[in-house]
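According to TrEMBL, the [4Fe-4S] cluster 1 binding site annotation covers Cys12, Cys26, Cys29, Cys35. The ATP binding site annotation in TrEMBL covers Gly65, Lys66, Gly67, Gly68, Val69, Gly70, Lys71, Ser72. Per TrEMBL, [4Fe-4S] cluster 2 binding site is recorded for Cys238, Cys241. Among the features that TrEMBL reports, region 'Disordered' is placed at 1-23.
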Amino acid sequence: MSTLAAPEPEHCPGPESQTAGKSAACEGCPNQNICSTGPKGPDPAVAAIASRLTGVKHKILVLSGKGGVGKSTFSSNLSLFLSQNDDTQVGLLDIDICGPSIPKMVGLEGEQIRQSSSGWAPVYVSDNLAVMSIGFLMANQNDAVIWKGPKKNGMIKQFLKDVDWGDLDFLVVDTPPGTSDEHLSIVQYLKDAGITGAVLITTPQEVALQDVRREIDFCRKVGVPMIGVVENMSSFVCPKCTKSSIIFPPTSGGGRALAVEQNIPFLGSIPLDPRIGVSGDFGESFVDRYQDSPAFAAYAQIVAYVWGKDAVGEVGRLSDSGKLQDKYADGHIAANPPSLLKIAAN
């Protein structure tokens with residue numbers, strides 16, 4: 001590909017894509033002629049990423065249609081929960097380029113990326129929990145990241161291609177809300193490496209559920225398997241007596257009804273415990289400190305289901321047999337549905 005005359009504009013289809021120089025976004029771009037006449041082909045980074053991630057067994061995307069539903073909180077707590085087993089290697093990748101909150105939530109705010117002989121070295125919460133985020137590249141955590149699509153895409157590519165993740169059992173990817181450039185990029189770049197599936201986060205309100213329906217449609221259109229739906233903030237847990245109260249009434253049935261409607265698994269409901277927010281603010285592990293919380297029990301059930309550990313008497317998604325199994329919201333289990341990947345648990 002010839003050198004571009006100017007940086008790639010927002011909504012650029014990619015200089016080597018089949019629509020390069022021909023799409024509506026190309027009109028008036030200084031690169032239009034270069035792109036339209038240049039050679040077309042797959043991004044070589046896709047194969048490089050697949051090679052880099054050979055040692056990563058399961059790649060899980062955490063998605064939400066709307067901001068503020070607790071997606072990053074879920075991503076961090078899921079990673080912390082998985083890493084409680086010292087023999088389980090976990091990576092947490094934050095691709096919310098404009099709103100990187102993961103470093104603060106896991107107690108790594110102010111840390112910096114280091115270069116090693118084999119690429120960028122992730123920052124470690126513990127010996128078996130590695131984290132990567134654009135937050136580690138920011139001199140001032142209050143600075144706004146004002147980037148257009150191509151620059152965001154380039155950063156995500158670098159996180160996948162140049163970070164030395166090593167051998168991982170799980171790579172949890174925290175995404176921004178909606179269906180933006182970042183989502184398209186992560187799906188494209190992991191095309192050869194393979195995505196295990198997506199966990200979709202919602203709250204009980206219909207306004208949040210509407211956006212999750214769009215997220216489900218996105219997953220179906222781009223071929224991302226769906227591990228299931230999690231309803232966050234399903235109730236409020238009193239920190240004194242630990243009793244639960246409904247604060248967001250599910251006017252249309254909430255996450256469970258959505259899962260039945262869309263014929264995808266319902267993973268569980270997580271109550272709103274104020275200690276979850278406090279833990280994130282101070283970079284402390286809610287999972288380690290508050291095991292008396294009903295929210296901890298909810299996370300335990302979800303992790304048991306996702307991981308395949310039979311801790312709650314349920315059949316897990318990543319079962320010991322090495323097959324993905326699908327437990328629907330009405331309780332029945334369908335083994336190895338054709339729309340889902342078959343992956344090894346070991």
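From the backbone N, Cα and C atoms, a Cβ is placed for every residue, glycine too.
Unlike curated entries, TrEMBL annotations are predicted automatically.
What surrounds the ATP site, by Cβ distance within 8 Å of the Cβ centroid and not counting Gly65, Lys66, Gly67, Gly68, Val69, Gly70, Lys71, Ser72, is the set Ser64, Pro177, Ile201, Thr203, Ala208 from the same chain.
Spatially close to Gly65 (ATP binding site) yet at least six residues away along the chain are Pro177, Gly178, Leu200, Thr202, Ala208, Gln210, Asp211, Val212, Arg213, Arg214, Glu215, judged by Cβ distances under 8 angstroms.
Neighbours of Lys71 (ATP binding site), defined as other CB atoms within 10 A of its CB across all chains, total 26. Residue pair Gly67 (ATP binding site) / Cys238 ([4Fe-4S] cluster 2 binding site) shows a Cα separation of 24 Å. Cβ neighbours of Gly68 (ATP binding site) (same chain, under 8 Å, six or more residues apart in sequence): Pro177.
With every protein chain in view, the residue among the binding-site residues Cys26, Cys35, Val69, Cys241 whose Cβ has the most Cβ partners within 10 Å turns out to be Cys35. Straight-line distance linking the Cα atoms of Lys66 (ATP binding site) and Cys12 ([4Fe-4S] cluster 1 binding site), rounded to a whole number, equals 25 Å.
Cβ-based crowding with a 10 Å cutoff singles out Gly70 as the top-ranked of the binding-site residues Gly67, Gly70. Contacts of Ser72 (ATP binding site) defined by a Cβ separation under 8 A and a same-chain sequence distance of 6+ are given as Asp94, Asp96, Ser101, Ile102, Met105, Asp174, in order along the sequence. Each of the binding-site residues Cys12, Cys29, Cys238 was scored by the number of other CB atoms within 10 Å of its CB, and the largest score is that of Cys12. If you take the Cα of Cys12 ([4Fe-4S] cluster 1 binding site) and the Cα of Val69 (ATP binding site), they are about 30 angstrom apart, rounded to a whole number. Reported as a whole number, the C-alpha separation between Cys238 ([4Fe-4S] cluster 2 binding site) and Val69 (ATP binding site) equals 19 Å.
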